[in-house]
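Chemist: Could you have a look at this structure, given as structure tokens, before my questions?
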Amino acid sequence: MSSMFVYVWGTVTDLLHSACSVLALNGDTESSGEHTAPGDTRHGHSSCPTDSRAMEEEEFEILLPEEPEEGTSQDPSPDRSGGFLGDEGTLQTLWLILVGKSGSGKSATGNSILGRRVFESKLSARPVTQAFQQGCRAWEGRELQVIDTPDILSPWAAGWATAQGVGEAGTGSLPKQYAVLLVTQLGRFTEEDQQVAGRLEEVFGKGILARTILVFTRKEDLDGRSLETYLRETDNRALAKLDDVCSRRHCGFNNKGDGAEQETQLRELMRHVEGVLKEPEGCAYSPPATPQPHAAPRESWGLWWLGAKEGRGDQAWLWGLHRILKEPEQAGRQLPPSTPI
């Protein structure tokens, strides 16, 4: 009987001890909840109900992202312009040569391509661009070298090139990757524009127009119509013929547009440039060897047509172009960041 009492008493004691332990544990839990509100992040931790295992897995996913799927390529590091560097960390260079008559919007188009104001552009009775100018930017894996040229028909064009020492330029070849952009104003394609196209063939040789892109400024004047429709319905036969000769590579530019619009315009232009680079013999051009010209007398610097008849005008413009093309190669280039115009 006594042994039975001892057994029962021991069992009751064990049960009471277990109950006290449970009550103490619940009290600690409630006390902890009184001092920490949901969402409190004191001591660097969040008290939101989060499973510790789930949190560890989430942190692991952030630190170690999933491996790319098989067959997908890993792009190299992007540059500041959104483009990508080459295998050796250098950008491929592409030259864009702007040509056209005075007032066509060459300089403004160059600024739109560069994404910032580099070339002087304003309304003037006298040609604003009287010298070959150069600007550059990085764009999607390429270094774009933009050349703004004097009016190829202007009397100041030959004068500047000769004064800068045409004889120093020497013979040579244009860059391996380049495109000629013939800039004209929408709705104002005149006989002078036809002369520009003819002068291009005189300077660069037959076939250059097949690797030239027509760039129409004042795209906003289309009032919602497409450039394709405008060119298809134009009654300007000279313009229609030139468009055909240029393999119908054309695009429009609104040089007053915002950044997004100008980026879209640049992408369309570059699509045509890629087509030019795929043309047979379109990636390189070497001018024929000619006697090295001597500086003309100052009195004749302004006589463009006289220079052309004597074989100096075309050479002066071409040698001026060669000079500006060589200058960036002789000195280290630093690509300025693209900033709004």
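The backbone N, Cα and C atoms fix where each Cβ goes, glycine too.
Got these off Swiss-Prot a minute ago, pasting:
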BINDING   Gly100, Lys101, Ser102, Gly103, Ser104, Gly105, Lys106, Ser107, Ala108, Ser121, Arg218, Lys219, Glu220, Asn255  GTP binding site
COMPBIAS  56-72  compositional bias 'Acidic residues'
DOMAIN    91-294  domain 'AIG1-type G'
REGION    28-85  region 'Disordered'
REGION    100-107  region 'G1'
REGION    127-131  region 'G2'
REGION    148-151  region 'G3'
REGION    217-220  region 'G4'
Chemist: Let me know how many other Cβ atoms fall within 10 Å of the Cβ of Ala108 (GTP binding site).
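Modeler: Its Cβ shell of radius 10 Å holds 22 other Cβ atoms.
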Chemist: What mean pLDDT score does the domain 'AIG1-type G' (91-294) have in the model?
Modeler: 81
Chemist: Give the nonlocal contacts of the region 'G4' (217-220) in its own chain as ranges (CB under 8 Å, at least six residues past its ends).
Modeler: 104-105, 108-109, 183-187, 227, 252-257, 265
Chemist: So which of the binding-site residues is most packed in, judged by how many other Cβ atoms lie within 10 Å of its Cβ, out of Ser102, Ser104?
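Modeler: Its Cβ has the most other Cβ atoms within 10 Å: Ser104.
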Chemist: Which of these binding-site residues has the least crowded Cβ, counting other Cβ atoms within 10 Å: Lys106, Arg218?
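Modeler: The binding-site residues Lys106, Arg218 were compared, and Arg218 has the fewest Cβ atoms within 10 Å.
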Chemist: Considering the binding-site residues Gly100, Glu220, which residue's Cβ sits among the greatest number of other Cβ atoms within 10 Å?
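Modeler: Per the Cβ count within 10 Å, the most buried is Gly100.
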